[in-house]
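Trainee: According to TrEMBL, the protein carries these features:
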ACT_SITE  CYS826  active site, glycyl thioester intermediate
DOMAIN    69-145  domain 'Ubiquitin-like'
DOMAIN    520-860  domain 'HECT'
REGION    1-32  region 'Disordered'
Amino acid sequence: MSVIETPAVHHLSGGVSDHHRHPSKRKFDDAEDLEEDLSDLVRVRMRKEEATAVNSWSASSSSSARSYLQFFVRMMSAGNTIVMQAHPEDDVKSIHERIQSMKGIPVFEQRLIYRGKQLQCEQTLAECGIQKDCTLALVGRMRSTEHPQAWQVINDMISLAYHLCRGETETVHEDSKTIKGLITNYVNLTPRVDNDSATGYFQIFMSSAPSVLCMLYVSPYEGNKECADSSIRHFLTCCRNSFSKALHGQCARVVLEFCKLLRRVGSHDPLYLYCRSTFGSLLETAGVSYAGSDTAKDLILIQDIFPFVRELANSLLSDLDSSMDCPSAAGLLSNDVGDLTAFLLPLRARIKEQQALNVSMAEDEERRKDLLLAEEIEYLHLLYIELLNKIDQCLGKVDQSLAGQEMTDGDGYPAWSHYLTILKELYRISKLYDDAEEKLWSVLSRRRNVLCLLIVRYAKRIDEHQWILEHRNVTNFEARRHLAMMMFPEVKEDYEELHEMLIDRSHLLAESFEYIARAEPESLHAGLFMEFKNEEATGPGVLREWFLLVCQAIFNPQHALFVACPNDRRRFFPNPASKVHPLHLEYFSFAGRVIALALMHRVQVGIVFDRVFFLQLAGKYIILEDIRDADPYLYTSCKQILEMDSDFIDSDALGLTFVREVEELGHRKVVELCPGGKSIVVNSKNREKYVDLLIQDRFVTSISEQVSHFAKGFADILSNSKLHQYFFQSLELEDLDWMLHGSEDIISVEDWKAHTEYNGYTETDIQISWFWEIVGRMTAEQRKVLLFFWTSIKYLPVEGFHGLASRLFIYRSQEPGDRLPSSHTCFYRLCFPAYSSLAVMQERLEVITREHIGCSFGTW
């Protein structure tokens, strides 16, 4: 090798100007160079020419093995140029050493740049594509500013990777561990604050690491692909777990580089798919902008993610076609749905921002180009239409497959479970375009039965399905109940996590208040363990009994907390005069917790709310029609005032002013409905306002504190306390009636028999025939008492016995023939001996169906 130094200054097209270009521009140039290398390696791998794979370019580009190559090295700091000669087979390291011997610049501080890419020490000049008379740029690496430790780690990793690419090592497994260790070291060196220093570290990594690791991935030598795979996955894991969200934008740019390189290996390559998913997961917190924006620098561009949206959309449409042909095989549907959702998030956000700017498409072309993502907006709209049509076809296919057959708990297909997620994404996109929402709800209304089935079967607590309830008409009671119940924590059976209660029946309300009202909300989320003092029984049956008893006590008018509606004694609303109870507001919070817990544990307690109470919990406005049940007399009076002849009411014949008389603690007082209300006479022009103010004062203002405390207690039990209003908004009043009260039908003996099994008896035994004959002759109330004795359930779910958590059982006991029946309510088990006659059995059953006895028997 010969070296000639010359003071001449050469013009470099790929030297310093490349180095100082915007990092994203340099990144794309490097990617283009690497794509050529990757293409060569992919083709080499496919031909399996392992012996000559890495050096094939060198062999083909040099006609004479030992010919000299003359080139120039420009010293960027001094401005002079070195003329050098070397063999194409010489490595870059030897050039660095020559420069060190001449200039005294340590090898470590040297960087040789050619065509915008740093040359690696292990590469030969031929591998670097060095041509005759080309010019290399020598750039010094300043220890104080250029992160020398970072460069050293990267150089060590690249050096080892090149040795592997050449097949020069037989310890691939150990080398793989070393590369992963170097990646870990590099991640640990990287600052955790999003500043210029952190940016420098990410740029150093991106300058060479992705290209070399991807080259290793397509290397034909045994073990190299696995080594690169584990190393790249390790880096991606570090991106997700080791860096704060503030650095996710930096991470995303590196992962994007991996995606671009691996995409050439194959769009279905597992590592590419993993990189793509990781990139999508980072987009939620990474900065995403659009070309032409003032904030576009150092951000991921919409133009970067848009190709992935197209790719995933095409894949998803294909997946949906496959799901209709073979719904039992979900294939890539799950991954594609999740990834597309992630990539659409920033795209939708940017489009929404653009629409907020309200820039007309007719404005000047230059401004439109800067502000509008015209292509993306149009494509997303077309995708919405195509995807909506496709999911409509899928729902129709589900409907066809279910026609004429009943679903059982084991039915359903994996592919169906993803349809709800796709519908949710369509809902989000529909917000961006005129008439798009109408089309979506039209499809869902037409496919209502299928939608409800999908909700009940596949909607999970971890998902967000509130959007469905914007139009409750596309759901049924079962679907709405399922969505509402998912707002509660899941009841657990781990006894170590349960909130334990030991309560004296004679002080039921007071002791229950202490256990529930004084507890931390989180301690009530797992579940409850209930036991009555001096009683052996424990378990779910006792808990069901406690719920029924404590709710009866809370809503007992004697405690002055709630008032029953005159025409429907099952319905209650807060008592405006509840302040006679010194702890009334705390008891309303307690009542809210108890009702929420009863719903969470799916116990029907025979209590329902009046409409005025329900609507206030939902945050709705109360109007005249809402008070019909709460105060029929006031409702009728207000209707008459509104319907009276105008002349009559203007004559002041009623003598009404804007006041209301209130009885409080035995005294009557006058409350003004508005400032100066005593002097405002009700007439035909202001009577509607008078009625409205009267209703608001009577049913809103007077009980606002009670409602607020009840709502706070109810919210304490929800998984997210902020959703307490939404819980009630998601339901119809009738829905809550069915959930809290249960079925109002007389218990069907046939349904009872159909859900009962026998142990020690058979269905044809005479005792079983007698039993059902006696039950059939019982009154509706006696059947309730018997059911309560048997199961601690007095009010069946709206579905009847089918809605219970278990079937019922009748056991043959070995007790003497004159013994009373016994029960194990936790297991829905009734036990009685083989009675000798129908009369004896009837007499025994009559004893336990007396209210005061049937509700105090049972064990566990």
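Quick reminder: no glycine exception, Cβ is built from N, Cα and C everywhere.
Those TrEMBL annotations? Automatic predictions, nothing curated.
Keep in mind that what you see is a predicted model, and the values were worked out from it rather than measured.
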Trainee: In DSSP terms, helix, strand or coil for the residue listed as 'active site, glycyl thioester intermediate'?
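Mentor: In three-state terms, the residue listed as 'active site, glycyl thioester intermediate' counts as helix.
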Trainee: Have a look around the residue listed as 'active site, glycyl thioester intermediate' and count the other CB atoms within 10 A of its CB, chains all included.
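Mentor: 20, counting other Cβ atoms within 10 Å of the residue listed as 'active site, glycyl thioester intermediate'.
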Trainee: So what's the average pLDDT for the domain 'Ubiquitin-like' (69-145)?
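Mentor: Summing pLDDT over the domain 'Ubiquitin-like' (69-145) and dividing by its length gives 82.
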Trainee: Reported in the order helix, strand, coil, what are the DSSP residue counts of the domain 'Ubiquitin-like' (69-145)?
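Mentor: Across the domain 'Ubiquitin-like' (69-145), DSSP assigns the residues as follows: 15 helix, 28 strand, 34 coil.
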